[in-house]
Amino acid sequence: NSYLPLPVFPFVSLSTQFRIYRERERERERGLAMDEENILKFVTEYLKKKGFKQTEHAFQEELHQQLPLLPNSSSSSTSLFDADIAKQLLSFSESEIGPVRYQDGYSKLRSWTYSSLDLYRHELLRVLYPVFIHCYMDLVAKGHIQEARSFFNSFREDHEMMHLRDLQKLEGVLSPSHLEEMEFAHSLRQSKVNIKICQYSYELLLQFLHKSQSTTVLGIINEHINFQVSPGQPSSISDDADAVTLTGNGQDAVSQINQKEIHWGLLEDSLEERLEKTGGLLSDSEKPEGETKESEWEENKKRSADGGKQGSIVKKVKKDKATGATGKATRPETNIVTMAPRVKPELPLPTIPVEVEQSILDDLRNRVQLSGVALPSVSFYTFINAHNGLNCSTISHDGSLVAAGFSDSSLKIWDMEKLGQQSVGCNIISNTAPLSAVLQGDDNATPVEFGSNGVKRPYTLFQGHSGPVYSASFSPMGDFILSSSADSTIRLWSTTLNANLVCYKGHNYPVWDVQQYSPVGHYFASASHDRTARIWSMERIQPLRIMAGHLSDVDCVQWHANCNYIATGSSDKTVRLWDVQTGDCVRIFIGHRSMVLSLAMSSDGRYMASGDEDGAIMMWDLSSGRCVAPLLGHTSCVWSLAFSGEGSILASGSADCTVKLWDVTTSTKVSKTEEIHL
């Protein structure tokens, strides 16, 4: 042992120190042997892969000649390779074999999953997507760009149906720097995926990973997936909505946010409370004769002209439905709103004008309780010859005005009363007439109401935006309207002065949605591509609050009934509830499998509905943050949602060309749906 100094161990005999030294030497020798075995294996596989048969044959002959000198013999001081050459070969072998491990590991997992028993397959399939995206991002992070693209294109079809938008974002990750610069990719690498799975499926997966020795896949699963294992049988496919959750917040952070206290009730001294104190809501039998559903009676009279007694039959059926099976005109569940808890406003609210207050009280007093057997009457307005230019539409609270935003940056408003005087087909709105003049986009833009032939058109044209108009929202009385645009601005228009009053600038990218708070109308909220939502006051040109936290576009926004909260839906597949006073997120709702496109709040403020790109609608309990009832029936994007005035019916409009009415009165569970095909 004279050629190497022995390590010094105090209070240990020289013979013991010598044994420790020899053990370390043996470990080093075993390591060298393993390295040389790996090098030999790699060189042989590399020559075969490249087709160098003669070189491979010469290498094998040389290998047999040098076999007695291999490190597994008694002489450990000899080696086939120089230390520097061995280090370079090992580094090169890692760069060559590394990408193959990801491809082979995922392929084996995919084949095993699809060949599993039907009972467990749908649970095991949940593992494939997170493993797929992390294999791809790991390859990019290690600089294997071509291999990463080949891997991505080979297996992307497996996940396009459920995760198309995510794949489109990740497709742009082409270098390790992109993983840090793109917040979506960065958040995926920093967070874990929560997957719900039964105990037996979990054990099957672990058994496969150990038997197949897929260390690469096992490392990804261990680092990026958190299994929520439950006893018993596998969950059904219909309960798969929240089985996989992928969010930038960890599960602990989401749980902590959802434990914050919120007050979902109505405002103190609200109009509903005043009406309750002065006599409450009137049922159909308590209303003055001739006041109940006059429009329906007139419509039935028109229909009876061709059908004899058809009008009276329809009247009787509607009356029977409204009174119910007992024959009594009761007011079931009309106290849902009035029994809601009362809270104080966090924002200073302006005084409601007397005429607005009286109009709302009249509406509340004449409101009819809807249900599955007492459905509402429906009016449809159809835009013809829009040439794919129609982006949004909205109706004023009294139904007298209809507004629409178009891709040519214009906002058009139709007066239903004037339209009825000029045209017999009041349910058809046409924007085909050419205009003789169009005012350019200045802040004092005025409407054009005349066509090239000098005839007054049934709509008023507002122009001032420099990009497509994506959203519009009327004030409670219909005297103002807000519009948001791709030009990143929000404009306030006067429908009485026919002028643009204010241009609100604050967002940096297109503004997808804008909503006014009713019945006050003094505040409004906006949602933008810049991943923020903002709260504004009509009298200020700068936002009062900025809500930041979503990982992608904020696509829709909705006010809570008591104006203390706003809800936002995002392309990151989550819905968030924000406190307007502090700007803090107080709820994160996780469960959608695609971008959230529409939101609606119940009249008592307890429940919220959200619709996504896949056609799913979820009913959420704001107090607990949990989904209480998924509403499944649409087959395409749910673009709009709205609760009836008393909160018993939810209407949904979808790109599948249907409007559905959902009865949500019994514990927010669907008891019946009515479908209208367009």
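Just so you know, glycine gets a Cβ as well, placed from its N, Cα and C.
Note: TrEMBL annotation is automatic and uncurated.
Small disclaimer: the values here were computed from a predicted structure and weren't measured.
Here's what TrEMBL has on this protein:
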- 284-306: compositional bias 'Basic and acidic residues' (COMPBIAS)
- 98-225: domain 'TFIID subunit TAF5 NTD2' (DOMAIN)
- 279-333: region 'Disordered' (REGION)
- 383-417: repeat 'WD' (REPEAT)
- 462-494: repeat 'WD' (REPEAT)
- 504-546: repeat 'WD' (REPEAT)
- 547-588: repeat 'WD' (REPEAT)
- 589-630: repeat 'WD' (REPEAT)
- 631-672: repeat 'WD' (REPEAT)
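Here the repeat 'WD' (504-546) has, by DSSP, the following mix of helix, strand and coil residues: 0 helix, 22 strand, 21 coil. With DSSP classes pooled into helix, strand and coil, the tally for the repeat 'WD' (589-630) is 0 helix, 24 strand, 18 coil. Beyond its flanks by at least six residues, the repeat 'WD' (504-546) meets 271, 347, 349-350, 352, 356-357, 360, 397, 467, 470-477, 480, 482-492, 552-559, 563, 566, 568-570, 578, 580, 583 of its own chain at Cβ-Cβ distances under 8 Å.
Here the domain 'TFIID subunit TAF5 NTD2' (98-225) is broken down by DSSP into helix, strand and coil counts: 104 helix, 7 strand, 17 coil. Here the repeat 'WD' (631-672) has a mean pLDDT of 82 out of 100. The helix, strand and coil residue counts that DSSP assigns across the repeat 'WD' (547-588) are 0 helix, 24 strand, 18 coil.
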